[in-house]
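Take a look at the structure below.
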Amino acid sequence: MDCNFFFWCFSLCICFRKIIDRCFFESTAVFTSAGLTVFTGLDYMPNSIIFWRSLMQFLGGLGILTFFLLISTRSGGESWHFFSAEGHKYNFSRPVPNIYRTVKILWSIYIIFVIAETIILNLLGLSFFDALTISFATISTGGFSHYDQSIGHFAANGYQYFRMIEYIIIFFMFLGGVNFLLHFRLFTKDYEEIKNNSEFKTLLKLIFYGTIFISVIIIILNTAVDSSVEEIFRKSFFQVTAIITTTGFSTEAINSSFFPVAARQLFLLFMLIGGSVGSTSGGIKIMRLNILRSLFKREVKKIYYPRHAVLPVTVDKQILSKDEIYRLTGLVTFWLILIVIGGIITALFSDLNGLEAYSTMFSALGNIGPSFVSVERMTSLSPLIKFLYIIAMLAGRLEILPLIILFSRRAWKS
């Protein structure tokens, strides 16, 4: 079972028939739904390759490890180790006690979203093939497009309903970035839990204020010449949602003159944050940052509260144990250390400047996709840097610590 990932990556390498470092990089990016790519000429690639690429990111979106868990006839030990790599996504308010039934419910919701988006996009004028592959990429928050211009292809080529197409994709990117257990609560009409979920509310606020901020500074600085207010809003809305949900789609390159420097800095912050725990998104996750904020508030309160006052760290009215807080702070610290080390290595062994080096490392570890480096420059990076990003994409997808456990002989014996 621990060879499954490498088998699928190698099989895609054979299918693509490309140079091995580029091929393995692309396979890892697809399978981890990272969105980074070193392939150009997508418009002219055979549909068979495009479909295979899209299918792999669909499987990787909700967690390929849980997919293998479902089809495996084995139980206990080995399966549990695989499940634990994605376990953080399901331990929060499971819909049912049985872990297998929980995963089946989540996969059912996942597939329903893909079918719904495919039908809507097809009705808006996309071919069934385009609608399906884009839906695979949207719900998985992988963001691999059929075209070099990504979603901007439809506006550039005069599709009649390109605006509606972009808004529909924004909506489904948002769904991909929301905890899938909240989707289950929606289907069961448990609106109270959705209403009281702090992570969901924070995600909405980040998208709303991020869109308004970027739209306003674009208008003030006049960086989008000859663009209407609606177009500025739509492109800002699309890119903010795409980055915070770690979907690699774009309607305008984030390193283009359309987005001023302040907008790019905000994009970097959103790359760091990521989407919700329990979603297909990458990044540190909003829930963890909410917990760190609660921890910070507690430390401030300790200054003026009585020495023996009990001040628990809570999230959504649930008290967190010390062990949970230690694990969280350890994970975030390790995450930031990897970004710093990866950024330094990239800057030392490539021609990228500091901002470009860190944006690509953010993108790889956060499984985001867009960065301030063009695909052509990504392709020209050395095999060493590509291998570094492969490790980062795997670490980000598996939440860092499970990757270490996965290759630990001691963990498999216990």
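Each position is counted from 1, following the chain as shown.
Keep in mind that glycine also has a Cβ here, set from the backbone N, Cα and C atoms.
TrEMBL annotations: computationally assigned, not manually curated.
Residues annotated as transmembrane segment in TrEMBL: 49-71 (among others).
Positions annotated as transmembrane segment by TrEMBL: 105-129 (among others).
Taken from TrEMBL, the feature transmembrane segment covers 164-182 (among others). Within its own chain, the transmembrane segment (164-182) is flanked in space by residues 61-62, 89-90, 92-95, 106, 109-110, 113, 116-117, 120-121, 124-126, 134-135, 138-141, 151, 154-155, 193-194, 197, 199-200, 203, 207, 234, 237-238, 241-242, 244-247, 249, 251, 275-281, which lie at least six positions past its ends and keep a Cβ under 8 Å from the stretch.
Counting residues 6+ beyond its ends, the transmembrane segment (203-225) has Cβ neighbours under 8 Å at 174, 177-178, 231-233, 235-237, 239-241, 244, 257-260, 262-263, 266, 270, 273, 275-276, 286 in the same chain. Per TrEMBL, the feature transmembrane segment maps to 203-225 (among others).
As annotated by TrEMBL, transmembrane segment applies to 266-287 (among others). With a cut-off of 8 Å between Cβ atoms, the residues of this chain six or more beyond the transmembrane segment (266-287) that come close are 33-34, 61-62, 88-90, 92, 110, 139-141, 176-182, 198-200, 202-203, 206, 210, 213-214, 239-240, 243-247, 254, 259, 315, 332, 335, 358-359, 362-363, 365-368, 370, 396-397.
Long-range Cβ contacts of the transmembrane segment (325-349) within its own chain (Cβ-Cβ under 8 Å, at least 6 residues beyond either end) map to 284, 288, 291-292, 295, 313, 357-358, 360-362, 364-365, 382, 384-385, 388-389, 392, 395, 399-401. The transmembrane segment feature in TrEMBL is assigned to 325-349 (among others).
Annotation source TrEMBL lists transmembrane segment at 387-407 (among others).
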